[in-house]
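Residues or ranges marked as compositional bias 'Low complexity' by TrEMBL: 1-18. Per TrEMBL, region 'Disordered' is recorded for 1-22. Per TrEMBL, transmembrane segment is recorded for 28-47, 68-88, 94-120, 127-147, 167-189, 196-218, 230-251, 263-283, 295-312.
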Amino acid sequence: MATSSSSSSSSMLSTSSSWREGMSSDNVKGLVLALSSSFFIGASFIVKKKGLKKAGASGVRAGSGGYSYLYEPLWWVGMITMIVGEIANFAAYAFAPAILVTPLGALSIIISAALAHIILRERLHIFGVLGCALCVVGSTTIVLHAPQERVIESVPEVWGLAMDPAFLFYAALVITATFILIFHFIPLYGQTHIMVYVGVCSLVGSLSVMSVKALGIAIKLTLSGMNQLIYPQTWVFALVVTVCILTQMNYLNKALDTFNTAVVSPIYYVMFTTLTIVASVIMFKDWDRQSPTQVITEICGFVTILSGTFLLHRTKDMVTDGSSITRLNKHSEEDVFDDVEGIPLRRQDSMRTAL
C-alpha cells in the first residue's frame, strides 16, 4: 500500500513538474496576451454594433450603404478596441508557440456571445451555452499541454528554421496551391464554391502567422537591447507579412461579400487554425519537444474547440420559444446584412447556401 501511495505521489509530482516546465515565463506572457486579445476583439464587436445601431437610428444604416457610423464616437471606441486586441495578438506570437496562441482566438467568439447576451439582450440558447463550454474545455486542454516556447537568440536563427527543407517544401506547396486557386479555380468556381476563397485566405494565413511570429521575435529582441533591424531577414519577414495580410484581406472580403458570414466564419477558422498549427509544427518543431500523449491531448483539445465553434455558428440563428427551439428564417430581410461589419451579403441559390 505504501509503495502504491509513493508511486502515485511521485507520478503526481512528475505531472506537476512537467506542467510547470511547459508553462515557461514566455508561455505565460503569450497566454495572457492571447487571452487579452480575445477579450478586446470579442468586446469590440459588441461596442461597434452598439455604435452602428445608434448611428442607424439617426441616419442611413451601414447595411444599407450608409456611412453615418463614421461620425459615431462609440463605433470608433469599438474600432480602437479591436486594434488593441490585434496588437496583443501580434505580441502573443513573439512569446508563445502558434499552437497555443492561434486556437485561443475562438475565445473571442465566447466573449462576444456572452456580452451580446448581457448588453444587447440577444438571448444565448442552450446550444450556444454548450458551444461556449466546449470552447473553454478545449482551450484549457491546449493551455495545460502546450509545448514550451523555443528559445531563439536572433532573426538569422529564425531564418535558418524557415530555410529548413521541410518548411520550404510546405511553403512551396502553399504558394503553388494558392496560385492554382487564384488563377484557375476562382474564375470558374469563386462565386459558387466557398472553399475557393476561404482556401486562399487560410493557405496564405498560415505563412503570414509564421512571418508575424518571426517579426514579433525580432521586435522583442530589439527592445531587449539586441538590435535585429540590422539583419535583412527582418525586412524580408516584414515584406512577407504585408503581402500575406493584404492577400488575406482581399479574398476574405470577397468570401464575405459572396457567402453568408455564418458559413464563412467557422470554415475559415477551422482551415486557418489547422494550417497554422501544421506550419508551426514544421517550422518551429513544436511537437519534437513533447511526448505522444501531450500531442494527442492537444489535438483532442483543438477538435473540442472546433466542435464548440461550429455549434455556436450553426445554431446562432435559433431562438427559444417556450419549451422548443426554432431556427429563424434564413431568408428574412434582416439577415441580408451583417450589422456588425456593415458588409452586404448577397443571398445565393439553395445549392450555394448548402455549401
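Each residue's number is its place along the chain shown, starting with 1.
The backbone N, Cα and C atoms fix where each Cβ goes, glycine too.
Contact between the transmembrane segment (28-47) and the transmembrane segment (94-120) holds: at least three of their C-beta pairs are under 8 Å, each pair 6 or more apart in sequence. Counting Cβ pairs closer than 8 Å and at least 6 residues apart in sequence, the transmembrane segment (167-189) and the transmembrane segment (263-283) reach three or more and so form a contact.
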